[in-house]
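A.B. asks: According to TrEMBL:
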- 1-225: domain 'GH16' (DOMAIN)
- Glu111: active site, nucleophile (ACT_SITE)
- Glu115: active site, proton donor (ACT_SITE)
- Asn119: N-linked glycosylation site (CARBOHYD)
- 244-254: compositional bias 'Polar residues' (COMPBIAS)
- 244-267: region 'Disordered' (REGION)
Amino acid sequence: MGISSHWHDMLLVSKIVMVVVLMVSATAYGAGNFKDEFQPTFGDGRVRIFGQAGELLSLTLDKYSGSGFRSNKEYLYGRVDMQLKLVPGNSAGTVTTFYLSADQTTGIHDEIDFEFLGNSSGNPYTIHTNVFSQGKGNREQQFHLWFDPTKNFHTYSIVWNTKLIMFLIDETPVRIFRNHEKHGVSFPKKQPMTIHASLWNADDWATQGGLVKTDWSKAPFTAYYRNFNIDGCVVGDSHSSCATEPAANTNSERPANGGRTRASWRTHDLDANGRKRMRWVHKHFKVYDYCSDSNRFPQGYPTECKHNRV
């Protein structure tokens, strides 16, 4: 029995995406030094840095503790790329993260989240995204992937400027949260954020709503980070232009789907091809969207939902 035309099309598009990814990743990312740019936040020796140039970092979770790290610097807008290889095998109950976060003690917390929810062997990871602005979150979108994120490193990127927040996976845009302040929707733009990552146990909710618990006989669990790239406004840097409104797009600044120059995050947006690729992701791999959860919002969806169309 032959492959259906639907699956044939999906496989063909997936192969094209992966070819583009390999072409872009080979030129766009270099090995950053974790020793210089980051510091552990918890987990003691469970945070390990490898190589003379500090180009590889691992986080470990065991039954006693998880682990995490954060950037030494704060940023107000920019683009951050991080390559991850997630916990293999039975990762149920574990959560691996890569996110931006403002000071939570202010009471008006801002955060931009990539969270990778583990699953039992053979089942796909769930990619959980969220945006917090002035203490308000509950803006979740979740996706499965068109590849196994435990076999090889893949690049996860967050773009944050005054106009939008964009989540990308191997240069494929998967989500955009636009600035709709004119419609009364708060947008994170005043508080600087640090870059964070962690690996921790969340078996009360992470896998099938907490139905599948962490199998500690499989511990320790380990995830790997490498080849980070940070291109943004450093708070406190006298040469920074964080307060400068980005200029209009120019021909020298290329959008999300086609590589980038140093400052392209300032005017980063989708072109027709990027929009087509994001629609492909939403059609085949999106598994949850708060903007279509009528049980959660019986009185009507949040304001931004009517404006955040792909």
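Glycine residues also receive a Cβ, built from the backbone N, Cα and C atoms like all the rest.
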A.B. asks: I'd like the number of other C-beta atoms within 10 A of the C-beta of the residue listed as 'N-linked glycosylation site', please.
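C.D. replies: Counting Cβ neighbours of the residue listed as 'N-linked glycosylation site' within 10 Å gives 20.
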A.B. asks: With Cβ-Cβ distance below 8 Å and at least 6 positions apart along the chain, what are the contacts of Glu115 (active site, proton donor)? List them in sequence order.
C.D. replies: Val95, Thr96, Thr97, Tyr99, Ile127, His128, Thr129, Asn130
A.B. asks: At the level of the C-alpha atoms, what whole-angstrom distance separates Glu111 (active site, nucleophile) and the residue listed as 'N-linked glycosylation site'?
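C.D. replies: Roughly 25 Å, rounded to the nearest whole number.
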